[in-house]
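Note sheet for the following structure.
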Amino acid sequence: MSGHLRPLDRLFGAQLHASDPRDLVWLSASAGTGKTHVLTARVMRLLLHGVRPESILCLTFTKAGAAEMADRIHARLAHWVRLDAVKLAKELFALGEPHDPDAVARARTLFARVLEAPGGGLRIQTIHAFCQTLLAGFPAEAGLTPGFRPLDGRQEAALARRTLAELLERAERGGDLSLIVDVQALSRRLGEGKAESYLMLCARHPEAMAALGPRQGIEARLRTALSVPLGDVEQAIEAACADDRFDCAGLRRIAAANAAWGTKTGLADADRIAAFLAAAPRERALLLADLISVALTKAGEPRSFSQKLIDCDADYAGLCARFADAARALLGLRERAALAALLACGLRAGQSYSAAYAEAKRIAGLVDFDDLIRSTVDLLGRPGTGEWVRYKLDQRTDHILVDEAQDTNASQWAIIAALAGEFFTEEPGEETRPLRTIFSVGDFKQAIFGFQGTDPRNFEAAQLWFDARARDAGRVIHRLSLDRSFRSTPPILAVVDRLIEDIGADRLGLVDPAEPHRSAREKLPGTVSLWRPISADLSGDLEDEGEEGWVDDATRTLANRLARQIRLWLDDGLMLEGRGRPLRPEDILVLVRKRGALPSLLVARLHAEKVPVAGVDRLRLDQPLAVRDLLAAIRFALQPEDDLTLASLLVSPLFGLSQDDLYCIGHRRNASLWASLRHRSEYRDTAAGLNKLLNQADLVTPYRFLENLLSGPLDARRKLLRRLGPEARDPIEELLNAALSFEADATPTLQRFLDWFDRGEVEITRDPSAPLDAVRVMTVHGAKGLQAPLVILADATADPDASRADSIHWSIGEDGPTLPVFRPRKAELAGSLTADLEAARIRERAEHWRLLYVALTRAEEWLVVAGALGPRARGVPPQESWYQAVDAALDALGAGLVDDPLWTAARHYRGEGGTPLAPRVRTASEVEPSIAEPEWLRRPAPHEARPPRPLAPSSLGPDDVADPPPTPALLDAARRGRLLHALFERLPAVAPDDRIAAADRWLQASAGVEEDALRKALIRDACAIIADPALSGIFGPDSLAEAPIAAVVGGTVVAGTVDRLLVTDDRVQVVDFKTGRRVPRDAASAPEHHLRQMAAYVGALEIIFPGRQVEAALLYTSGPTLFSLPSELIARYKSSLADAEQKLLRDH
């Protein structure tokens, strides 16, 4: 990675000041202004100033952010190690640091210092990872089980469901019917899935649940908060309806006026009032909800009255208003009492569930992310123990850097405050301690994770807290801001600024007005385009809806046109000025507000247009069709009589039957679908494939079953990818990974795996920053920190009111807890609940606009805004939609509507004197030739030919008879031969006068030859052969000893080691030593297996050294006698190599 690093950009102005390692800094960095560059520069400057790597703590919001920062720093430091001095001096100058030779030398050592630092060097991690590490060192003090493990998503889902089931089972067994009733009431109100989510929300707020007190008093506390009197509410309403407390005279006047009016409506209202007045208080209480319609509409607004009705009683409107107020007060009392009862059901159930879930985690030794934060806050704040832990942390932490500070919640800031609190105090003896700093960087405008419990107001509160501590210590926190974008071109930033101005700082949740953006790419053109939204009446380019009938027409049309537009751009070679090249798929980023039908549809349409696409950034593993088809195969293997499962499996790509085939098999049958299929001869192959699945069901593990299905005779992987496209590859691999994960922790049966898989939820998350030349489709939240030359905001017409949070936090009383409660209906609002709901609405809307800011600022050169309108929109985007905001901004900037061939109409803003991005005219040499798909491309590969069989020449034995057990004489001869070979290898390099002494030393010390006579004989024979003038070339300095050779000779791999090899310009000499006592009369009399061996060597060397003459010889050391082998003799035995190969094949 470091080999491809570009030189560091020079730090200027606020960037340089913010990275100064001596200052306390609170940095506000707008999108694209180089926040990460400043952050990493500050770390490197700290290291250059001699700060210990282990004393630096960097806290980030995501694991990806931590990994990116660590990679940048480590890559840069490694790059410095081998960078030449001049270039390294320039890098130090860019950082604002001294760049003299001593500074350059110190910079080269930083990478090693980081690697060798105690505790793993730089601590760059998420706040959760930091807490996990800290708690692992003090588990008992934190009240956790030693060796605790963090929960992953699937474990959490499984544990949550098991906890609820066990809680209800214990309640039923113990007779706690009230808990069962509470859960039933919650499920009726929210539905089963949302009820479970609400209980988990309560479990994530254990302090609030504990603060509620005994469950018997919960409803009373809620009634008090909602201004509902204790006791029977219906009795209170009945009492208020009595003659002496209700304004019956006013009602009579209303009835009289209606009777005098004399219309059908007036007479009916008069009769209803008469019936009410004639009834007893109890009946009146029941009739009140219907009677109020005399004065109010169904929407609760005052009715408009006929002038003739008013003429009958001049005070008619006042009478109705007073009656409506009285009736609404009584009906509101009933509604608030009902709401208190319903909220109490949820909170009682949530309180019980929270305690049960905490106990289940404790027993299993598990913690979730909230536990990590909560336990760390408790540990650091605990008297005695907390002080000791803070002291230990204080000793090893001198510098804290906080990234994405706007998304850090109050509890996380409490941890940071506990860590940095000692930075502003000086204990006796610490006068020589290095200066300690805190650095925080964030952007209020990019606070978009409120659904995870973050609140940008915590960012402001933390800033005020640290400001006060610094002032008390006589230090200053420098508030700096970065507003110069190195990402986006001026037209994009002009639209962003106009949007912020139109929306207003208060609606964005900003405390102070936002600073205007400045672009560092002033000379580059840019474009902001707004395409006319697709509405239901403009969706005329649709084909048969097929399986997508559940998706509205406008959304499907939008996906079609987006894919077509991207295809056209790529075909036209749209030029990117900033990159100096035509547009590529990797340059396009498609953003959506939330996951829904559009992202998946767009991926499918892009695939159909043959545009490379990475798929959506995140999806549940049980959703992709490829996974559903594979799971259907498992379900069939477990229950072949399940007709629905088998039907879906048969029409899947795995078996490829049509709906007509399915109808033919299943129509008018008296047995199961499986039985009917087996009796149809035309589907014999299909039945055989299904039988293979059944035969494996009880014999293999889930992973093996899936792998056999994917790669075995059914070839499911190829079939699925061919039908569903390459985006099916990741889900298939993740399913295999899930099977392996399951097998590591459970008995690996198919039934258990299927149950385990169905009980949990697994999300596939792609790394959006991974290098891939493909269009990326993701949510705006997932794109945080990313950028692209061309960004399409695809669903800008969405209504924010249609996707509100299901719950809010309600503060009951000034000193009461803040409770998670499900969102009440408008008619149920009262008291502080109304105020809290309105506050939640304002926060949600502010985050809605901040999310738009994040989306727009991902674009470098071209920003496109599009959307689809449902039937209810009637062709007009919602007033609070992103589309309306961008449309107003472009209109204010003077971008008028123009015709568009694909979108019918569009607005384009290119700034002052801007020119549109234009297609590039390619030269003939640049046009990629159209290559016909080869015929073999999609044909299964043929079976590979058998590779050449290895053959060792020394294995070419004399006959087929097994050797008898060796005699002592044979063993002695073999030992003598090995020792001579060793001497022939070692002595030629020794001076002739020193050979005898060297041979004697080696034989005694290394070979262990103790017999003097044997040593002398070996030395005599070896030295005589090496000194023989006829053999001088073979043992000369240019020869090779024990030379390995290998070559393919006639389809056979010949591999062996020759004793001596001499290679010259025109010939090759190979000699093999034979140490037996029997020496043949001549070369032709040599043993056949010796000759076959030398023929194999010659054949191999002729392949290795083509064009050179290869000469072979056998040296019998007993003579010593050297036999040169004639070429005719070698040729005769070469032909026997094939026979030797066939013999080896038969033997094996």
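Don't overthink the numbers, they just go from 1 along the chain as shown.
Every residue gets a Cβ built from N, Cα and C, even glycine.
Quick caveat, the model's predicted, so the values are computed rather than measured.
Per TrEMBL, the features are as follows:
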DOMAIN    8-489  domain 'UvrD-like helicase ATP-binding'
BINDING   Ala29, Ser30, Ala31, Gly32, Thr33, Gly34, Lys35, Thr36  ATP binding site
DOMAIN    490-785  domain 'UvrD-like helicase C-terminal'
REGION    913-970  region 'Disordered'
COMPBIAS  935-947  compositional bias 'Basic and acidic residues'
Other CB atoms within 10 A, centred on Thr36 (ATP binding site)
16
Over all shown protein chains, what is the count of other CB atoms within 10 A of the CB belonging to Gly32 (ATP binding site)?
23
Residues lining the ATP site besides Ala29, Ser30, Ala31, Gly32, Thr33, Gly34, Lys35, Thr36 (CB within 8 A of their CB center) are Asp443, Leu482, Ser485, Phe486, Arg487
Would you count the other C-beta atoms found within 10 angstroms of the C-beta of Ser30 (ATP binding site) for me?
25
Pop the mean pLDDT for the domain 'UvrD-like helicase ATP-binding' (8-489) in here, whole number is fine.
90
Ala31 (ATP binding site) -> DSSP, reduced to three states, gives coil
Please give me the CB contact count at 10 A for Ala29 (ATP binding site), counting all chains in the structure.
24
Long-range Cβ list for Gly34 (ATP binding site), cut-off under 8 Å, min separation 6+ in sequence, same chain only, gives Asp9, Gln15, Leu482, Phe486
